[in-house]
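Each remark here refers to the structure printed beneath this line.
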Amino acid sequence: QPKTKKTLGKTGVKNVVVVEGVRIPFLQSGTSYADLMPHDLARAALQGLLTRTSVPRDVVDYIVYGTVIQEVKTSNVAREAALGAGFSNKTPAHTVTMACISSNQAMTTGVGLIAAGQCDVVVAGGVELMSDVPIRHSRKMRKTMLTLNRAKTLGQKLSLISKIRPDYFAPELPAVAEFSTSETMGHSADRLAAAFGISRLEQDEYALRSHSLAKRAQDQGLLQDVVPFKVPGKDTVTKDNGIRPSSMEQMGKLKPAFVKPYGTVTAANSSFLTDGASAMLIMSEEKALAMGYKPKAYLRDFVYVSQDPKDQLLLGPTYATPKVLEKAGLALSDIDVFEFHEAFAGQILANLKAMDSDWFAQNYMGRKSKVGAPALDKFNTWGGSLSLGHPFGATGCRLVITAAHRLKKEGGQYGLVAACAAGGQGHAMIVELYPQ
């Protein structure tokens, strides 16, 4: 029985479409991108988008990029990458940050600019280079150096230098930890898995599923969002390099990474540190058609949610999914394709259990009943962040364009993208296949 098609366009509001989305291959940190800077990766993604769409550079009204760990020299990485990629210097660009949903934020900022009639054509994307993160001097050393800068006489300078102690030289490292709770995300994931009774075996099985599906998708040429990148002084990179289907036996040998010795989160069932960048061309529907483009999908309703970062750090999808479905007037059964960010196998499985629990809905979400868990045969079937990699700032765009490609390939109508992020935040969005 074919489902009756619901239409989601709102009267008086411009429809926003994705014309194209690309990404350079996502690579494990410390591999081929190790000597580059973040704007180099973002520029490569932007150039890949220009090459694929042939969009005239001066047609783009605005550029928004997401990133998490900022390189000090290029704090507005959107602008530096845009100038490097050859966009018009008249096109404004700004950078947003919202942990793992930074490029989701870049995209929805673009949607807002178009819906408000400010712009017709926006490029949104994200970038992360975990191979080279800024490491600072200690606070004491920084204060001394700044004061030294202002010292006038040799005597003043020598007096300041004489106050430097060995502990001044201890560096400050950036941590993948919550500022508010000082807990690392892996530790939170371990506690979440324990709270929902998710075993090490289930987590390893899920991670193996992700890697196996990603390998199949890569071998079958389904990951069409990947554009090659000629790394200066090195070879051309053409595919993601973190996809490694292992065996349950091999995975079982790994020790817990965070909660020792009894934790269940390991290096094999967590996403790895990744370098990468993504970019997408979004337009008002009328502009896309006027320019002769065939859009891939509509970007429909979206929501952002936020919870307690101590106990519900990674449950964003559970809170965001029912909200976005209600906003769009859809049921879970209307969704043909799910693309959820996989931070940890334990986090994904905990969200699926929470979504399928009336008790959780009633006690934590103030809802009468559960939203239900997505069917696994519709869920991340081309792999996910566990296998493809997760450059923090770039993943959101990958999720959306993958949902669009899967809808086309599978003949579905609606996709649901969801992700958790540090700070206890989350995002969900409905993507609708553009009528073929």
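Heads up, the Cβ atoms here are built off N, Cα and C, so glycines get one too.
Feature annotations, courtesy of TrEMBL:
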DOMAIN    16-286  domain 'Thiolase N-terminal'
ACT_SITE  CYS100  active site, acyl-thioester intermediate
DOMAIN    293-432  domain 'Thiolase C-terminal'
ACT_SITE  HIS390  active site, proton acceptor
ACT_SITE  CYS420  active site, proton acceptor
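Helix first, then strand, then coil: DSSP counts for the domain 'Thiolase C-terminal' (293-432) stand at 57 helix, 35 strand, 48 coil. For the active-site residues CYS100, CYS420, counting C-beta atoms within 10 A of each C-beta gives the highest total at CYS420. For HIS390 (active site, proton acceptor), the number of other Cβ atoms no farther than 10 Å from its own Cβ, over all displayed protein chains, is 27. Residues belonging to the domain 'Thiolase C-terminal' (293-432) score a mean pLDDT of 98 in the model. Note: the CA-CA distance between HIS390 (active site, proton acceptor) and CYS420 (active site, proton acceptor) rounds to 12 Å.
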